[in-house]
Amino acid sequence: MTAKLILLRHGESEWNSKNLFTGWVDVDLNEKGEGEARHAADLLKQENLLPDIVHTSLLRRAIHTAYLALDGCDRHWIPVHRSWRLNERHYGALQGLNKAETKEKYGNDQFMAWRRSYDVRPPDLDRDSEFSQFHDPRYADIPASERPVAECLKDVVARMVPYFTSDIAADLKDGKTVLVAAHGNSLRALVKHLDEISDEDIAGLNIPTGIPLFYELDDNLKPVTRGGRYLDPEAAAAGAKAVANQGNK
């Protein structure tokens, strides 16, 4: 019997539409993003992929997306687990900056290294910055020495994969249909793990907002079909292209 895993990046946020680096800054969905989350629910219903349990981050844009998707599926009553390990990548001192302006200031090579390389972190964010979450009470359980002030994708993999192995995998092995409502980079990290994508090739993977990505997994939780299947392939392709072009004005 195959396990069913649904990955859903949050709908468009207020800062996505402004082309800003968001990271751990807790912005909400905009009107378009709310519509994307409701459309995700329609796609799940059409495929009869009704979640039994949800794993999401501590950020409202992912939590809000999960709520709207579940409400649209009439599954608002199922358990929802929240973990900082599913948070977006912490973009350090880039948080709050416009992507196109950052690219123009630092050049395309540095911009792409910060944005898409596997192991290059952006500059650290000052702990007292208006865009810092270092003193946010929701992260009080993370030891101060481990609380990120900047992350690369490698760091996201290091925090996310243990959560997948310990928590999400247990639900999949119990036969539950699992929805992971998260973020572009935490989902890139998970897809990298599932599909065994190389450190070099992961740079080319872009996750669109609001389109469910469905994986069937075998008894070893390996994908039956590498790359999974988007429930709206055309919209996913267009969305991924838009993500790739975010450094452009």
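Positions of Cβ are set from backbone N, Cα and C atoms, glycine also.
Just so it is clear, the model here is predicted, and its values are computed rather than measured.
Taken from Swiss-Prot, the feature active site, tele-phosphohistidine intermediate applies to His10. The active site, proton donor/acceptor annotation in Swiss-Prot covers Glu88. Among the features that Swiss-Prot reports, substrate binding site is placed at 9-16, 22-23, Arg61, 88-91, Lys99, 115-116, 184-185. The feature site 'Transition state stabilizer' is assigned by Swiss-Prot to His183.
Within the same chain, residues at least 6 positions away in sequence whose Cβ sits under 8 Å from that of Glu88 (active site, proton donor/acceptor) are Thr22, Gly23, Trp24, Ser57, Leu59, Ala182, His183, Gly184, Asn185, Ser186. For the pair Lys99 (substrate binding site) and His10 (active site, tele-phosphohistidine intermediate), the C-alpha distance works out to 19 angstrom.
For the recorded positions shown (Arg9, Arg89, Lys99, His183), fewest C-beta neighbours within 10 angstroms: Lys99.
For the binding-site residues listed here (Gly23, Gly184), the lowest count of other CB atoms within 10 A around the CB belongs to Gly184. For Arg89 (substrate binding site) paired with His10 (active site, tele-phosphohistidine intermediate), the C-alpha to C-alpha distance reads 14 Å. Fewest other C-beta atoms within 10 angstroms, among the recorded positions His10, Glu12, Trp15, are seen around Trp15.
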